[in-house]
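First the structure, in the form of structure tokens, and then the observations on it.
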Amino acid sequence: MESIEQQLTELRTTLRHHEYLYHVMDAPEIPDAEYDRLMRELRELETKHPELITPDSPTQRVGAAPLAAFSQIRHEVPMLSLDNVFDEESFLAFNKRVQDRLKSNEKVTWCCELKLDGLAVSILYENGVLVSAATRGDGTTGEDITSNVRTIRAIPLKLHGENIPARLEVRGEVFLPQAGFEKINEDARRTGGKVFANPRNAAAGSLRQLDPRITAKRPLTFFCYGVGVLEGGELPDTHLGRLLQFKKWGLPVSDRVTLCESAEEVLAFYHKVEEDRPTLGFDIDGVVIKINSLAQQEQLGFVARAPRWAVAFKFPAQEQMTFVRDVEFQVGRTGAITPVARLEPVHVAGVLVSNATLHNADEIERLGLRIGDKVVIRRAGDVIPQVVNVVLSERPEDTREVVFPTHCPVCGSDVERVEGEAVARCTGGLICGAQRKESLKHFVSRRAMDVDGMGDKIIDQLVEKEYVHTPADLFKLTAGKLTGLERMGPKSAQNVVNALEKAKETTFARFLYALGIREVGEATAAGLAAYFGTLEALEAASIEELQKVPDVGIVVASHVHNFFAEESNRNVISELLAEGVHWPAPVVINAEEIDSPFAGKTVVLTGSLSQMSRDDAKARLVELGAKVAGSVSKKTDLVIAGEAAGSKLAKAQELGIEVIDEAEMLRLLGS
């Protein structure tokens, strides 16, 4: 059995290794939850044996050493981290400790914020001008990232307003919105560059580039949450008051900061943020709870590495470790072959996960994944679980290579990978049962033809029994034929037939989206429908004409043109129309006759809207004569940016396109 000294040494060595990977290399190997568990284990042992605590123990400092490639900045006021709690019981215990330490009847008000998952930085302003910026580093010394921080548009180079202190050091988090993260990885996959595991790594990698020109191309943003140095000036005596003052001086502050008058209100805030988490547009891993009164903060003081007056209340872990038992290959509706990892089941963010996507062959190669490997699994919001990285330091000896198929695992047709594309595809087309199933599932989905009650299991049976080969065959189904399916009684069968009859009345945009043309999503389908007005006009359009539609470039135009050039596709469309599928004749909207600031403009929505849904906003804009596109290009006239807008906003600013916020959009919609 190991001695206590050996256990402590092993834990410290392991934690230092993972701190180095996380803070210095921006390449964490284990989930945060596993790091937290190891740290708790070390802290508990040291609490029982305080005589064995060493000055260099991970419990006695904040982070890891800075990279030698950057010059260093010593923090005049140390940048401490926060202690964590992981459940309501632990938070209530923290709340009681605070009340007991204050030893007074004075009321405690809590200031609650989002715990952003990015990179902590300090920014020093002298006479209102940004003079330096640094990472947290080890809490005492950080890396000089001034040149890179100056490229972040959210951070003012000069504060504005009155009574700005002579020296003011603000602290906050640089992070990357999810839309920007996806765009960076999409570009990297296309060009063979580095693909990041998550937005936090991407933000850290972007901020710590030696070439600021690379940082400038990344859509980083920033929220401030505190102060370090303060000289030659005053700030309000509450935490919220300081944040509001920062905002007046032009510094970005999250609009989700909330005052809570009791522990019950704090818990309600925590659960509301947890509920809203998937729609925020950026990653958070909990909430931060601070005493609002600066006087009470000073009274409570600090422990070795954290303040006594604040705590991070973390959400259930979104990353866990498990083993890959096998890799199987699925076939999508366009023939895309997607590798899927079959996992030893593990609970991630409250959900039992047994499968995770591996995207494509390049991703398997990037990960260096082998069957039998120990891996980190991530699940964020409604996103399909994915493998973040392989824990190479714990690779078993009996792992096996993942072999990508050369023939379709469903129909046996050749698998083809077009040069320049990451995705390999089955060449079988509709002779492939898997493609047929997925195409039909897409056709009946809610945002396409919206056939109520026609679920995946019904489609699977219809294809397997050879009842349905094309979408048009769906409308030939009878209640009698459907009754023969598993768990389908006469009443349910008649309901499906009625739903199919109802679905025949649709819109041109929904019909186009339902056809499943490659690269044609809802926004593009709506744009094509609005531009051409009729199916006949769209079918006859050339590639050049198609590119005149907002959000349609050469790739999408080619896919659309090729789809309608294929005789089998035209035959299916003819059959659908013959079965009674129809939509209203186009209403020609003359932008010149509409009295609206949006009339005739190509508009792009980005970020999260708080006052109305994105669908409602799109519908309202179209009513007022706008064309709503899905991406920013030189054809774009206006970008409406909600909270945490990402790469689309950055591109709009780069192209000099007019940008307004949600409040201005609502004002114009009402004008």
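Every residue, even glycine, has its Cβ placed from backbone N, Cα and C.
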Candidates Lys158, Lys194, Lys272, Lys314, the one Swiss-Prot lists with Asp32, Ala33, Glu34, Tyr35, Asp36, Ser81, Leu82, Glu113, Arg136, Glu173, Lys290 as binding NAD(+): Lys314
From recorded positions Lys115, Cys408, Cys411, the one whose Cα lies nearest Lys290 (NAD(+) binding site): Lys115
Cβ neighbour count within 10 Å of Leu82 (NAD(+) binding site): 19
Least buried by Cβ count (within 10 Å) of the binding-site residues Asp32, Asp36: Asp36
Secondary structure content, the domain 'BRCT' (593-671) (per DSSP, counts of residues): 29 helix, 18 strand, 32 coil
Maximal Cα-Cα distance (Å) across residues annotated as binding NAD(+), namely Asp32, Ala33, Glu34, Tyr35, Asp36, Ser81, Leu82, Glu113, Arg136, Glu173, Lys290, Lys314: 25
Zn(2+) site shell beyond Cys408, Cys411, Cys426, Cys432, criterion: Cβ within 8 Å of Cβ centroid: Val331, Gly335, Pro409, Val410, Gly412, Ser413, Thr427, Gly428, Ile431, Gly433, Ala434, Gln435
Neighbourhood of Cys426 (Zn(2+) binding site), C-beta criterion under 8 angstroms, separation at least six: Val331, Gly335, Ile337, Cys408, Val410, Cys411, Ser413, Asp414, Val415, Cys432, Ala434, Gln435
Coarse DSSP state, helix versus strand versus coil, of Lys290 (NAD(+) binding site): strand
